[in-house]
Every structure is written in C-alpha cells, then in structure tokens.
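According to TrEMBL, the feature Zn(2+) binding site maps to 99, 102, 139, 142. Among the features that TrEMBL reports, Fe cation binding site is placed at 131.
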Ligand SMILES: [Zn+2]
Ligand SMILES: [Zn+2]
Ligand SMILES: [Zn+2]
C-alpha cells in the first residue's frame, strides 16, 4: 500500500477513517518486514511516534487492517498473535520455519503444498480452501 489515497478509500468503504494513529500502525508493520511483531511490540514502536496512542487503539487498528487483508495475523504457537504486512494481498499465509531454541522465524518462499492438497482432496473427498504450515526445528546457529 504505497498510496495513502488508496488506503483512505479502502478504509472509508468499510466505514473507517485513516487517522494518524492507524496510519502509524500500518507504517510500523510495513517498515518491519519479516519481523512478525506482536501487538505489544507494535504498541511500543508506535508509541515513540504517537505518544498518546493506547494499547486498545493499536489492538483495534490491527483487527481492522487484518479484516481488510492489509496485514496477516500469524499464530506461531508461542502464546501471542503476531502481525505482518500482507505483501501479496491474498488470504494465504506463507509458511514459517520456527527455531525451537532461539525463536528465530524464517519465511519459506516456496509453497509446495498444491500437489498435496490435490491428493488429499481426492483421497478424502474434501474440498480444501486453505492450509497453514509451521515447521519446527533448529536453525543453523543452534545446532
Ligand atoms: Zn536458533
Ligand atoms: Zn511471515
Ligand atoms: Zn501454503
């Protein structure tokens, strides 16, 4: 979303205004690609720019941006919701490698599961709409 005007129109369609605080939250996520920030981390970063922003506003803004598919909500089984910019503007969450030792998160660029989906659809007579995959293990530094 490079275009502020475009973002304004998108928000307006949903009945929301592009407040400086909402803009700051989205900017923070866009400026931190691959970081998978938690709500609290985003709050701490945005607070520097917008000292009077509250955690509830950040929380609500993340919900709105997620609803609009501008950001993705990621659950990495560590007890908190993380967010990242939805570069491809699609509903499909890319896959992550999670180091169980240092917590490092690596994004997997390839999505090799299309053939598996087709196989499962056939074998189980099930129409698949999405999948989420996490790989747990040790990164190169932790072995
Ligand atoms: Zn590691
Ligand atoms: Zn990611
Ligand atoms: Zn996939």
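Cβ coordinates are placed from backbone N, Cα and C, and glycine is handled just like the others.
Residue density at residue 142 (Zn(2+) binding site): 12 other Cβ atoms are found within 10 A of its Cβ, drawing on all protein chains shown. Using CA atoms as reference points, the binding-site residues 102, 139, 142 were checked against residue 131 (Fe cation binding site), and the closest is 139. In three-state terms derived from DSSP, the residue listed as 'Fe cation binding site' belongs to neither a helical nor a strand segment and is classed as coil. According to DSSP, residue 142 (Zn(2+) binding site) is assigned to a helical segment. For residue 102 (Zn(2+) binding site), applying a Cβ distance below 8 Å and a minimum sequence separation of six or more within one chain yields 139, 141, 142. Residue 131 (Fe cation binding site): 14 other CB atoms within 10 A of its CB, across all protein chains.
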